[in-house]
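Feature annotations, reproduced from TrEMBL:
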- 170-204: repeat 'PPR' (REPEAT)
- 205-239: repeat 'PPR' (REPEAT)
- 240-274: repeat 'PPR' (REPEAT)
- 275-309: repeat 'PPR' (REPEAT)
- 310-344: repeat 'PPR' (REPEAT)
- 345-379: repeat 'PPR' (REPEAT)
- 365-492: domain 'PROP1-like PPR' (DOMAIN)
- 380-414: repeat 'PPR' (REPEAT)
- 415-449: repeat 'PPR' (REPEAT)
- 450-484: repeat 'PPR' (REPEAT)
- 485-519: repeat 'PPR' (REPEAT)
- 520-554: repeat 'PPR' (REPEAT)
Amino acid sequence: MITKRQSTFNGSDRFTIEAVLNGPFPRSRFSVSGSERTLRQRGKDPSITLGEERKQNIFLDKRGKWRISNPKKLSRKKGGSLRGRGWKYGSGFVDGVFPVLSPMAQQILKFVQRESDAAKIWASLDTLPPTHNLWDDLISISVQLRLNKHWDPIISVCEWILYKSSFHPDVLCYNLLIDAYGQKLQHKKAESVYLQLLEAHCIPTEDTYALLLRAYCTCGLLEKCEAVLTEMRKNGTPPGAVVYNAYMDGLLKGRNTVKAVEIFRRMKSDQCRPSTDTYTMMINLYGKANQSATALKVFDEMKTEKCKPNICTYTALVNAFARDGLCEKAEEIFEELQEAGHEPDVYAYNALMEAYSRAGFPFGSYEIFTLMQHMGCEPDTASYNIMVDAFGRAGLHEEAEAVFEELKQQGMTPTMKSHMLLLSAYSKAGNIPKCEFIMNQMHKSGLKPDTFALNSMLNAYGRVGRFEKMEEVLTAMENSRLEGDISTYNILINIYGRAGFLSRMEELFRSLVSRGLKADVVTWTSKMSAYARKKQYKRCLEIFEEMIDAGCYPDGGTAKVLLASCTTDEQIEQVTTVIRSMHKEARNVFDI
């Protein structure tokens, strides 16, 4: 049964209310099958029929446990109101339950999402009676908007509550507003809301400090972050895991990994027990730094401290091994994930596929891709991108294109990354016509090539010796808003060095400083390689010394190039001694 009611404000229709007998209740992200076997795998009672399941609404709470809930018990009349219940940092819901929107709330939500003028939103809200139900609706709407990362409507609604309404805001309203301003990098406004919270004699929660701290951290204001921690201690509220996690999260998003490690150490020295989220962030940090061994140490420490890993933790560790191409270790962790009672999701499968891709086993990736589908887990765009990359890395560009076409056949839209991975595959094969065709397709799709795409074109032209076309691409990059990165110049230095154009290579190398770029180990090794081909051993040693003086440490590729420049056993012995000593002196800033 559906009833309709229309409200008129200020002589014009602002909202059209359509009240449905039973409002929608969100289901979990896992598919629910009626088969007894699948139900048992998901930890549910197989005696529950599908009809009863719909009535009871099975969902996954914040602790990863399956729960059966009746929407009526979550109504706004009893236990469903978000009033005064605080804010769960890092989530868009309270106590594992998404807000249940009333028919009125659903219509207001549609209106504020559609209307960009805050003044019109305020004028419409002014016409509504200031009841308890309206308060519940507005807060539930704001939480729902946060789930969708719609920050401007949150600001419009919460500012109306603060400045125009007769409501007395609680801490949840202030927290939502601080969060929205922080996400929009408006730290001064976030700070202003915090001060208003204090002036209103509203007691800040740990989550208030976490959101304020992240707002500062995202803007790079680390001194203010430290001030927040100091104020917490002054107020008798020592920072807990929520605050430290927010600090670390902000640092990692700002790519300040060294400071994030420092905060992790400080957290433990302050006797604050790291949470599952803390360890997961650290595993991600080390994984992205290609330090899978250290990531595993963090994982082992986590289990020693009786902190239970969740599916995100296991996936982060699989990703860490994937980046190092250690597919066997990645598979071990994937199996451990299942033994712990977790059902692999698309992210876990993607991580394992990536491991086989990086290890150079594209058909291993394809086997996992097929297994994922067989197990009822639908691949996403990232899954297809991984397969395109896996075949492209192995030089199987036709297979890569077949996966790219299958992505489109499945009704998905290829992303910029999809095009770039296919472009990279044909670039490595030196297939210029295909590369140019893909670039044209990107333009037709409305996608603007980025630095990675243009780097692929540089590489493609360079491989076949079309230096004039390579210079045209470089000029186009310099004349556009796209700035070449260090990878751009590594490609150019490597290609000109291989071709024997040493003067052009040296010119590009010298230009790095003026471009605000710093030579990395690939840059130095590529330069050294040009002289190694001519067996200029002394010149290679000079470049090696310059590299060390610049604070850049050699890798395996550097050692091979140096050895290739040698012409006598004495030179080989000298190079071997130098490389060994350098590896002993090298220090890793990420070591725990």
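The chain as shown is numbered from 1 upward.
Using N, Cα and C of the backbone, Cβ positions are placed for all residues, glycine too.
Because the structure is a prediction, the values reported are computed rather than measured.
Across the range of the repeat 'PPR' (380-414), the DSSP-based residue counts are 26 helix, 0 strand, 9 coil.
DSSP labels the residues of the repeat 'PPR' (450-484) in these numbers: 26 helix, 0 strand, 9 coil. Within the chain, the repeat 'PPR' (415-449) has long-range Cβ neighbours (under 8 A, six or more residues past its boundaries) at 381, 384-385, 388-389, 391-393, 395-397, 400-401, 404, 407, 456-457, 459-461, 463-464, 466, 482. Within the repeat 'PPR' (170-204), the DSSP-based counts of helix, strand and coil residues read 26 helix, 0 strand, 9 coil.
Mapped onto DSSP helix, strand and coil, the repeat 'PPR' (240-274) counts 26 helix, 0 strand, 9 coil. Summarised by DSSP class, the composition of the repeat 'PPR' (205-239) is 26 helix, 0 strand, 9 coil.
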